[in-house]
């Protein structure tokens, strides 16, 4: 027993050291897994055993996705699918990737964020034969190099895309148009990526069908809302040790992500302001007890700014100049364009790295603004996210890939589609067993009265599931 404990400690220590202290770029290393393959580029393939343990832990809280894997494994619904993916590479994503492989797919993977990759998980995936090109702390050049290595490889041509943010889709569309035209389907999970897909569609340039997972009920109302409600505090606490009672916080955007952030902050006693462009979301914020303001009205007094819009230049250099000393700025949207970080890289400002993913930007008069993750996604860059919620999203992604890959010709045209309601309900039903929840069944008479099939779908496509603050106020 003592020997086992010592081994575990040494693996953990090696993971920490290799992740933080080894400055050699993975692009300059020659690494081979135990199968003799070198078709990958990760921080350290020797971390694979540690990463395998992380994946096994994640599997315990992703029982619905594992259930889907077991149910469909014999049928191999993704046999022949060659999926190229660009997502966060975490233990939870690894469970999804290994599910896709179990269902018959071949996968090549890269990271959608330069800070969110778990190096040991990337190593574990590479060890079992998944071609992973990603490591924590990539440069911008590394980021695009990794995407290119996933797509551009001899003897292997992707026919499906799983994207988070649209960078992979954009890269293939621009650089490999002939490959892009042969794609059978795209599954996109972020608001940023979906926006880019709709732009392509509107311009008549989207030549393959795409599934908008971000706006599926099981993604929007669970991952975006509940995941952010829990992970926003985790990310802020780990990086700043700040106490939120009495702090003035402005949350930019009151969509599902913003709603989750506001609920968590309010429960800890923070004074929360909201900025919004949409009058409906603004009215929701007002009814939930938040004051809706313009950022310029409170910029000099707030302690924390959190962006959750998916837009660009939400916080500008002029506004950063007017923030008070010790203010914290961070982003919970997918894209790193919400905070104008580029404007802070000027000679008159000094950057001081005080801990991992935490920079003090110092003005000439000595004022410091605390910038987290260089304006990139806070929770996945600086902390972790709840595994169970990610199981819901991952199951949705897997079903969307299966649907697009197996759809008969003509079912989906060259456009962007929402996940069928029946599929949303199926994903939700798979996760109910975790709570020992028992659904009430309609009688024949009740089903006839409501005009429904007893097995669903139970709501029309236009139904909007509530996200009212009253659902999750902490007493």
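Even glycines carry a Cβ here, placed using N, Cα and C.
Small disclaimer: the values here were computed from a predicted structure and weren't measured.
Residues annotated as substrate binding site in TrEMBL: 90, 164, 189, 219, 223. Positions annotated as NAD(+) binding site by TrEMBL: 255, 256, 257, 258, 259, 260, 276, 379. Among the features that TrEMBL reports, compositional bias 'Polar residues' is placed at 1-18. Per TrEMBL, the feature domain 'S-adenosyl-L-homocysteine hydrolase NAD binding' maps to 224-385. Marked as region 'Disordered' by TrEMBL: 1-36.
When the record's substrate-binding residues 90, 164, 189, 219, 223 are compared pairwise by CA position, the greatest distance found is 18 Å. Checked against residue 90 (substrate binding site), the binding-site residues 255, 257, 260, 276, 379 differ in C-alpha distance, with 379 being the nearest. Cα of residue 164 (substrate binding site) to Cα of residue 257 (NAD(+) binding site): a distance of 16 Å. The two recorded residues, residue 258 (NAD(+) binding site) and residue 219 (substrate binding site), have Cα atoms 15 Å apart. Summary for the binding-site residues 255, 258, 260: the Cβ-based neighbour count within 10 Å is maximal at 258.
Spatially close to residue 379 (NAD(+) binding site) yet at least six residues away along the chain are 227, 228, 231, 232, 234, 235, 332, 385, judged by Cβ distances under 8 angstroms.
Here the binding residues for NAD(+) are 255, 256, 257, 258, 259, 260, 276, 379. Their largest Cα to Cα distance works out to 22 Å. Taking Cβ-Cβ distances under 8 Å and a sequence gap of 6 or more within the same chain, the neighbours of residue 223 (substrate binding site) are 389, 390, 392, 393. Neighbour counts were taken as the number of other C-beta atoms within 10 angstroms of each residue's C-beta; across the binding-site residues 219, 259, the minimum falls on 219.
With respect to their backbone Cα atoms, residue 256 (NAD(+) binding site) and residue 219 (substrate binding site) stand 10 Å from each other. This prediction places the mean pLDDT of the domain 'S-adenosyl-L-homocysteine hydrolase NAD binding' (224-385) at 95. In this structure the alpha carbons, written CA, of residue 276 (NAD(+) binding site) and residue 219 (substrate binding site) are 22 Å apart.
Recorded residues residue 189 (substrate binding site) and residue 257 (NAD(+) binding site) have their alpha carbons 14 Å apart, per Cα-Cα distance. In the structure as shown, the Cβ atom of residue 164 (substrate binding site) sits within 10 Å of 26 other Cβ atoms. The Cβ of residue 257 (NAD(+) binding site) lies under 8 Å from the Cβ of 224, 225, 228, 308, 332, 333, each of which sits 6+ residues away along the same chain.
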